[in-house]
Amino acid sequence: MSPHNTCTLQITRALLSRLHILFHSALVASVFYYRFSNFSSGPAWALMTFAELTLAFIWALTQAFRWRPVVRAVFGPEEIDPAQLPGLDVFICTADPRKEPVMEVMNSVVSALALDYPAEKLAVYLSDDGGSPLTREVIREAAVFGKYWVGFCGKYNVKTRCPEAYFSSFCDGERVDHNQDYLNDELSVKSKFEAFKKYVQKASEDATKCIVVNDRPSCVEIIHDSKQNGEGEVKMPLLVYVAREKRPGFNHHAKAGAINTLLRVSGLLSNSPFFLVLDCDMYCNDPTSARQAMCFHLDPKLAPSLAFVQYPQIFYNTSKNDIYDGQARAAFKTKYQGMDGLRGPVMSGTGYFLKRKALYGKPHDQDELLREQPTKAFGSSKIFIASLGENTCVALKGLSKDELLQETQKLAACTYESNTLWGSEVGYSYDCLLESTYCGYLLHCKGWISVYLYPKKPCFLGCATVDMNDAMLQIMKWTSGLIGVGISKFSPFTYAMSRISIMQSLCYAYFAFSGLFAVFFLIYGVVLPYSLLQGVPLFPKAGDPWLLAFAGVFISSLLQHLYEVLSSGETVKAWWNEQRIWIIKSITACLFGLLDAMLNKIGVLKASFRLTNKAVDKQKLDKYEKGRFDFQGAQMFMVPLMILVVFNLVSFFGGLRRTVIHKNYEDMFAQLFLSLFILALSYPIMEEIVRKARKGRS
C-alpha cells in the first residue's frame, strides 16, 4: 500500500487571525499616534513609548505564525509494505548519568528497539558524551532484557513499548482481556524488567562508575548485531554504543558534535537514509511513529525537497495546573502549525525524522560536495566517503566487522573534523549551541522543507522540568542562543530574507528576537509603578476617547490569546497560567539570556553548553502538582522577579493612597488597573515568598 497523508488548511482560524491582525493593527497605530503626539511629556513617557514599540515589533513578527495554519494527518501507516520502508537509524544522546538518570536513558533505548519497524532496517545508537562506565555497563544489560521485551511486544502487538510506562498504572487498560499465555509471558518479562531495574539501581550506587570521563579515547561497541539474529530467534535491531574521543582543552561542540560523530559512525555500520533524534529522557510512546513519518518521506510529491518530519514534544508529567508551561502549548499547538503552512516548522531538539543527505547538500544537488571536494568536506576516511555514494554496499563489501569498527574509532576521534567542512557546510552547524533549531533554519535556507505531525496519540513522551530553576535555565539557554543568531551574519532579517519567504523569515525572526520581551517588561515593571507612586499619568484619563485605543490593544491581545488556548483544547486556567509565566520568563530567563548573548557577542563571556537536569525530585514534583512555585536554587532568577513584584505591590498601595488624597482618579485609572492586574497574576509568587519568609523565621 502506498503511504497516504493529508494537509488541511484551518480556514476559520486563518480568517479570524487575519481579521484580528487588521483590527489590532489599527488600534496599535492609534496608540502610537497618541504617544508621538504627546512625546514631549517627559522621560517616563519616552521610555513607555520605546517599550511599546518593542512589544509591537514582536507582535508583528508573531502574525506570520497565524497567517496560514495547517493540520496534517496520515492514513494506513501500519499497512505500508515492509519492503517499501527505508533503513532508519535512531540517535539517542546522553551526557551525564548524574543529571540524566541512566534508567530513563535505557527505557528510551529499549522503546526504540521495539519500534514497529523491520529489525533488519532499524539501528539504535546511544551517544554517551560523558564516557561513563555506568552507561556502557548498563546498556549491555539493556540489550539482554531488550531481546525479551522486543519479542513480547511483537508477539502481542503491545501498544506501549516503553517498559517503565507499560508496567505503570497508566497502562492498566492495555493489560486486560488477554489469554493465559499472554499473562504468563507478561509475568515473565515483568520479572526480568524488575531484575534489570535492580541491577541498574545497584550499579548506579557505585561512585566509581557514576562519573563523567572528559579525557578518553573513542569507543565504539556493537552491543547487539542484528546480522547475528538466529533462525527462529527474536529479531532485534542493531544496537551500538558510541563514546567519542574527548581531550581537555579541545572544543567538542556539545550535542552538535556528538550527533555529527553518530552520522559518521552510523554511516559505516548501517548507513540508513533517515534517522530519528531523541532526547535521552524521551521514549517512543507509539510504535508506529516511524511508519507515520515515512508516509511523508515516501510521498513522491514531498520527498525530493522534504528534509524532516517534526513531532511535538509532549510530557507525561505535566499537571493540569501547568504553572511553568512545561507543555509549551503556544509552540506546539499554534506556532508550529502556522510554520507548517509556510514551508515547514522549525526543528525541535528531539522527535524528528531527518533525511541524512539533507545535511550534506541542497535539494537540487545533494551530492555536490561529495563530487567536487570529498576529502575537504567529509574528512580523510576513504571508507566513509565511499559510504556516501550510490553504491554503498559495493564500496563496503569485503570489509570485516573488525575493520569497520577500527575505522569508526578514527571517525569518532576529536581531531577528525580538523580542516574539514564538518560543523559549517556538512552536518550540524557549530555556530549555535541550539544545534537542532539552527540546523532546521539553515536547511530551510538551503531550499529544504519540513512537515509537522501532531497525532492524537503522542508518538514520544518525555519528562518536563518541574521547578523554577531548571525551567528558567532552559529558557535562558534558548534565549541566549537565539539572540546570538539574530545579531549574527545569519540573522533572519538579512541572511534568510533572500533565501526563504518573507513570512517564514518573520517566524524565525520571532524566535531570534522574542527575548526582547525582557526589555518591554523591565521598562513597564519599573516605570509604570514608579510613575504611579509619583502620581505621574502615563495614559489618557478615564473618559478620554484615546483610552479606548489602549484598552482595545490590551483586551484584543488577551482575547486573541484566550481564543488560541481554548481552540487548542486547554482551559481558562491554562490561559491565566500562560499569562503569568510569560511575564516571569521575560523578566528572569529572557533578561539573563539577553545579557548572556550580549556578553558573548562582545567577547566577555564564551558560550557554553548547559545541560538541563532531568532527574526528578519527588518533593519538587509534589510542589508542582499542587500548583506551588519552587524557587529553590533559582536565586539568580528570583532577584529581579521579587524586586519588581514587591515594588509593584508597594507602588499600588502608595499610588492608590496618593490618588485618594489628590482625588485624581481619572488621571491614574489606567495605571491603577494595570498594577492591579499584575498583582493578580503575581499572587502565587507573593504567596510563595511569604511562605518562605515564615519558614525562614521558624
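A Cβ is built for glycine as well, from the same backbone N, Cα and C atoms used for every other residue.
Here is what Swiss-Prot records for this protein:
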type	residues	note
ACT_SITE	Asp129	active site
ACT_SITE	Ser436	active site
BINDING	Lys99, Glu100	UDP-alpha-D-glucose binding site
CARBOHYD	Asn38	N-linked glycosylation site
CARBOHYD	Asn317	N-linked glycosylation site
TRANSMEM	14-34	transmembrane segment
TRANSMEM	42-62	transmembrane segment
TRANSMEM	478-498	transmembrane segment
TRANSMEM	508-528	transmembrane segment
TRANSMEM	546-566	transmembrane segment
TRANSMEM	581-601	transmembrane segment
TRANSMEM	636-656	transmembrane segment
TRANSMEM	669-689	transmembrane segment
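Location within the structure of each feature annotated in Swiss-Prot.
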{"residue": "Asn38", "record": "N-linked glycosylation site", "DSSP class": "coil"}
{"residue": "Lys99", "record": "UDP-alpha-D-glucose binding site", "DSSP class": "coil"}
{"residue": "Asp129", "record": "active site", "DSSP class": "coil"}
{"residue": "Asn317", "record": "N-linked glycosylation site", "DSSP class": "coil"}
{"residue": "Ser436", "record": "active site", "DSSP class": "helix"}
Are the transmembrane segment (546-566) and the transmembrane segment (14-34) near each other by the rule of at least 3 C-beta pairs under 8 angstroms (pairs 6 or more apart)?
yes
With the cut-off set at 10 Å between Cβ atoms, which of these recorded positions ends up with the most neighbours? Options: Asn38, Asn317, Ser436.
Ser436
One should report the C-alpha separation between Glu100 (UDP-alpha-D-glucose binding site) and Ser436 (active site), rounded to whole angstrom, as 20
By Cβ distance under 8 Å, which residues at least 6 away from the ends of the transmembrane segment (636-656) in the same chain are close to it?
468-469, 472, 522, 525-526, 529-530, 532-533, 535, 584, 587-589, 591-592, 668, 671-672, 675-676, 678-679, 682, 685-686, 689
Give me the Cα-Cα distance between Lys99 (UDP-alpha-D-glucose binding site) and Asp129 (active site), rounded to a whole Å.
13
Note: vs the transmembrane segment (508-528), the recorded stretch with the largest number of Cβ pairs under 8 Å from 546-566, 581-601, 669-689 is 581-601
Shortest C-alpha distance to Ser436 (active site) - which of the recorded positions Asn38, Asp129, Asn317:
Asp129
Using a Cβ cut-off under 8 Å and a sequence separation of 6 or more, which residues in the same chain sit near Asp129 (active site)?
Cys93, Thr94, Ala95, Ala243, Arg244, Lys246, His252, Ala254, Lys255, Ala258
